[in-house]
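Novice: Pasting a structure below so you can have a look.
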């Protein structure tokens, strides 16, 4: 009788290993590599430009024993590599296959959920490493190494600080700086918002654009106490259920509804995907959380329909939805983020999850269930009211719920009521409300809205949204105040340098085009070498490692002598200086934006439009004493 071959599965994390082990039992041993085992070296560039961008890989410090263990497992028996199904995971699998001399074998398994049905199917159908996906990931890694290893030392040398520059992070920083510049330039216009209230309903004056009325007109409008129904149109309006979550929409909704940062959302989602201990063993609660897709498997749809029928009735089950046109930026055919078992209700899950895990799971569970339900239906009444002489008109809309559909699960706020009047009928009394308001600029980004914009523009990927924003915050390039993101002095000065010298690196369109190129490498339409050559030719033509960044900007700050102060950078960091010799230090994280060569410190309140700059009058301090006699240092 032949000896039974031992079987091993390699995953990234212990939690994932434990969940898979609880499914497969003693049939397989499951080992965690703890993420990447090999990468470009930290101590040197690690890319041979003379050999067509050949990478020089090295075992990550502290992972030597992991590599030896993997080699040992490959010698002992059959080794299956089950790292994540995205590009990063494919690259990890490739490195593992290389060090274990198993490249070319069908030893790669992928899955979007860690459930018995899917895991058992995956181990039956191993495939070879997807080298197109690996090349796309290696190209991204080398591109980022070229940019980071070239530009970061320039920033270190000039600012004596652990700063960095990169393709995605710099393009994202540009979005925040550009928005602050828009707010700075915005000139508010006053206008009147005029409404009439009657029978608990509201209608707004009908004008082509927001306008400011003169006093005589306002007095005339204020005297209106009766209107006539000129037009009434009734129709049935359906509201389609939301799609199940993908990475970006989960991050946005968790930020909006739960107040979670995008990093916190991804950390908790990872825990729910990899598994949590329950009475039935280690169980995964959601599918893979880094995805561009809203696709749902037929199996999951059927499970959802069964639950909806059981709990709410067959009339709530959504029809087979027509597959929507796929987004050109979607990286591959992942599934949406959904519960692995829709019958695991949030109440039941709460027995095993901590508070934050339960909140996020409930959000995912409700969104998925709602996505498989019928649209909600309302009776929509659009009406027009006019004064008897026809001089002024007011328009309004009111909704009356007919069928709640998906809103049974996914609550939505709508303006509901009834319009009991008919055309020609008089509406009396009416109360006129006149409010003087100002136009407002676009709001500053929150973490959620920044992710939405990054996705819309094609900057980064689901796996990089959270880490990019976290990096910008950690570097001090941006600052979060009451949930809104502001550029700082250091962020604005670095961005000004990058925009002037490396406009392509920070260009949103260039960064998005580069992501498209990487997609084409993965699809086999382009080679990684061509993408790298094209980028390097452009980048190397402007790169100068000896660049000196001169910080000398006029500011919006006045000295006590009345003259404008300038921003400079010296031995002790950023500071303001005046011709009269007075100086004042400023913190790296003070809010600032550069516009037309001038740096504006403080912030402009987007609600009121009033400046919030801080005066520097009479602020002699320690840094002034340090710099005495060192003007212009």
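A Cβ is built for glycine as well, from the same backbone N, Cα and C atoms used for every other residue.
Just lifted these from Swiss-Prot, have a look:
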- 36: site 'Interaction with DNA' (SITE)
- 140: site 'Interaction with DNA' (SITE)
- 141: site 'Interaction with DNA' (SITE)
- 144: site 'Interaction with DNA' (SITE)
- 149: site 'Interaction with DNA' (SITE)
- 156: site 'Interaction with DNA' (SITE)
- 164-169: region 'Interaction with DNA' (REGION)
- 290: site 'Interaction with DNA' (SITE)
- 475: site 'Interaction with DNA' (SITE)
- 559-580: zinc finger (ZN_FING)
- 601-633: region 'Disordered' (REGION)
Novice: Given residue 156 (site 'Interaction with DNA') and residue 141 (site 'Interaction with DNA'), what distance in Å do their CA atoms have, once rounded to a whole number?
Specialist: 21
Novice: How many helix, strand and coil residues does the region 'Interaction with DNA' (164-169) contain under DSSP?
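Specialist: Each residue of the region 'Interaction with DNA' (164-169) counted once, the result is 3 helix, 0 strand, 3 coil.
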Novice: Would you mind pulling the DSSP three-state label for residue 475 (site 'Interaction with DNA')?
Specialist: helix
Novice: At the level of the C-alpha atoms, what whole-angstrom distance separates residue 475 (site 'Interaction with DNA') and residue 149 (site 'Interaction with DNA')?
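Specialist: Residue 475 (site 'Interaction with DNA') and residue 149 (site 'Interaction with DNA') have their Cα atoms 16 Å apart.
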Novice: Please classify the secondary structure at residue 290 (site 'Interaction with DNA') using three-state DSSP.
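Specialist: Residue 290 (site 'Interaction with DNA') sits in coil per DSSP, no helix or strand.
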Novice: Per DSSP, to which secondary structure element type does residue 144 (site 'Interaction with DNA') belong, with helix, strand and coil as the options?
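Specialist: SS state of residue 144 (site 'Interaction with DNA') = helix.
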Novice: From the DSSP assignment alone, can you count helix, strand and coil residues within the zinc finger (559-580)?
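Specialist: Helix, strand and coil residues of the zinc finger (559-580) number 0 helix, 12 strand, 10 coil.
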Novice: Mean pLDDT across the region 'Interaction with DNA' (164-169), rounded to an integer, is what?
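Specialist: PLDDT averaged over the stretch: 92.
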Novice: Can you give me the Cα-Cα distance between residue 141 (site 'Interaction with DNA') and residue 290 (site 'Interaction with DNA') in Å, rounded to a whole number?
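Specialist: So the Cα of residue 290 (site 'Interaction with DNA') lies 18 Å away from that of residue 141 (site 'Interaction with DNA').
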Novice: Are there any residues in the same chain, six or more apart in sequence, whose C-beta is under 8 angstroms from the C-beta of residue 140 (site 'Interaction with DNA'), and if so which?
Specialist: 87, 518
Novice: If we count other C-beta atoms within 10 Å, could you say which of the recorded sites 36, 141, 290, 475 has the fewest?
Specialist: 36
Novice: Could you measure between residue 144 (site 'Interaction with DNA') and residue 36 (site 'Interaction with DNA') for me? Cα positions, answer in whole angstrom.
Specialist: 17
Novice: Check residue 156 (site 'Interaction with DNA') against DSSP and tell me helix, strand or coil, would you?
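Specialist: Helix, per DSSP.
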Novice: For residue 149 (site 'Interaction with DNA'), which residues of its chain lie six or more apart in sequence with Cβ-Cβ distance below 8 Å?
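Specialist: Correct list: 45.
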